[in-house]
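Positions annotated as active site by Swiss-Prot: His5. Annotation source Swiss-Prot lists Mg(2+) binding site at Glu25, Asp27, Asp85. Among the features that Swiss-Prot reports, active site, nucleophile is placed at His41, with the record citing similarity to another entry. Annotated disulfide bond per Swiss-Prot: Cys45-Cys51, Cys47-Cys190, in sequence order.
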Amino acid sequence: WIMGHMVNAIYQIDEFVDLGANSIEVDVSFDDNAKPEYTYHGIPCDCRRWCTKWEYFNDFLKALRKATTPGDSKYHEKLVLVVFDLKTNSLYNYQAYDAGKKLAENLLQHYWNNGNNGGRAYIVLSIPNLAHYQLITGFKETLKNKGHPELMDKVGHDFSGNDNIDQVEKAYKKAGVTGHVWQSDGITNCIASFIRGLDRAKKAVKNRDSSNGYINKVYYWTVDKYATTREALDIGVDGIMTNYPDVIANVLNESAYKEKFRLATYDDNPWEAFKN
């Protein structure tokens with residue numbers, strides 16, 4: 001999965017997919033009442049990027065639905081996965097359940113079209129704080145209460161805080177999550193990747209490949225350089241988040257990688273660990 005980073009303006013959906021992304025990451029900011037408000041990152045953000053592009057969240061969802069609904073004039077067949085980077089650090093821990101509830105209501109209405117031929121992309125809810133695990137509970141229970149528990153088949157999870165992998169597993173146990181887990185690892189592109197290294201990403205890959213691990217997929221962020229892309233592919237990640245999808249696409253076409261990797265399509269299950 002080539003994951004376009006910080007796609008917060010509607011026009012950027014086309015831009016990133018045209019550059020080679022089959023997945024996008026969208027920042028979601030919340031108001032004081034835990035309601036998703038804007039697709040907005042804010043300052044600071046990655047180097048060589050504008051941090052302040054934004055849309056109203058529900059407007060973005062409607063555009064995203066069009067981009068992922070077969071037959072629509074704005075449809076992109078290859079856009080199959082959307083990561084919502086949920087900026088919940090502005091919220092108190094007790095608001096996490098409410099944030100999940102309101103997020104589910106917004107997605108149900110504006111993205112899934114109340115279960116009637118809505119957008120088809122798989123969705124990953126990425127939470128920065130392990131203490132906010134109840135967001136998952138609120139999201140899941142709301143879909144169930146609204147009569148659409150089946151939509152959870154399209155939803156996966158990520159804790160993005162680079163916490164110890166054992167601690168992440170405990171948070172999932174508290175939330176009752178037993179699958180559909182993506183594990184992110186990484187650092188802003190402003191800091192050279194060799195300073196952080198790939199040790200934690202390697203641990204995540206090892207967990208994914210073990211018989212009793214909780215992780216289904218591993219992605220690494222934010223990768224803009226050819227050398228770092230190769231390093232991430234060499235340890236066996238499933239996804240790379242990038243500001244330059246064309247860089248990742250070019251590396252995937254190199255002889256060392258094109259036999260081993262290919263771009264994921266809608267038919268590839270994002271909740272299943274890939275077995276060679």
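Each Cβ is built from the backbone N, Cα and C atoms, and glycine gets one as well.
Features recorded in Swiss-Prot, as mapped to the structure shown.
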residue: His5; record: active site; Cβ neighbours (10 Å): 27
residue: Glu25; record: Mg(2+) binding site; Cβ neighbours (10 Å): 28
residue: Asp27; record: Mg(2+) binding site; Cβ neighbours (10 Å): 23
residue: His41; record: active site, nucleophile; Cβ neighbours (10 Å): 24
residue: Cys45; record: disulfide bond; Cβ neighbours (10 Å): 21
residue: Cys47; record: disulfide bond; Cβ neighbours (10 Å): 12
residue: Cys51; record: disulfide bond; Cβ neighbours (10 Å): 15
residue: Asp85; record: Mg(2+) binding site; Cβ neighbours (10 Å): 25
residue: Cys190; record: disulfide bond; Cβ neighbours (10 Å): 12
Which one is it, among the recorded positions His41, Cys45, Cys47, Cys51, Cys190, that lies nearest to Asp85 (Mg(2+) binding site) by Cα separation? His41
From the Cα of the residue listed as 'active site' across to the Cα of Cys47 (disulfide bond), what is the distance in angstrom? 12
Within 10 Å of Cys190 (disulfide bond) (Cα basis), scanning recorded positions Asp27, His41, Cys45, Cys51, I find Cys45
Near Glu25 (Mg(2+) binding site), which recorded positions out of His41, Cys45, Cys51 have their CA within 10 Å? none
So of all those recorded positions, His5, Asp27, His41, which one's Cα sits nearest to Cys51 (disulfide bond)? His41
Quick check: in three-state DSSP terms, what is Asp85 (Mg(2+) binding site)? strand
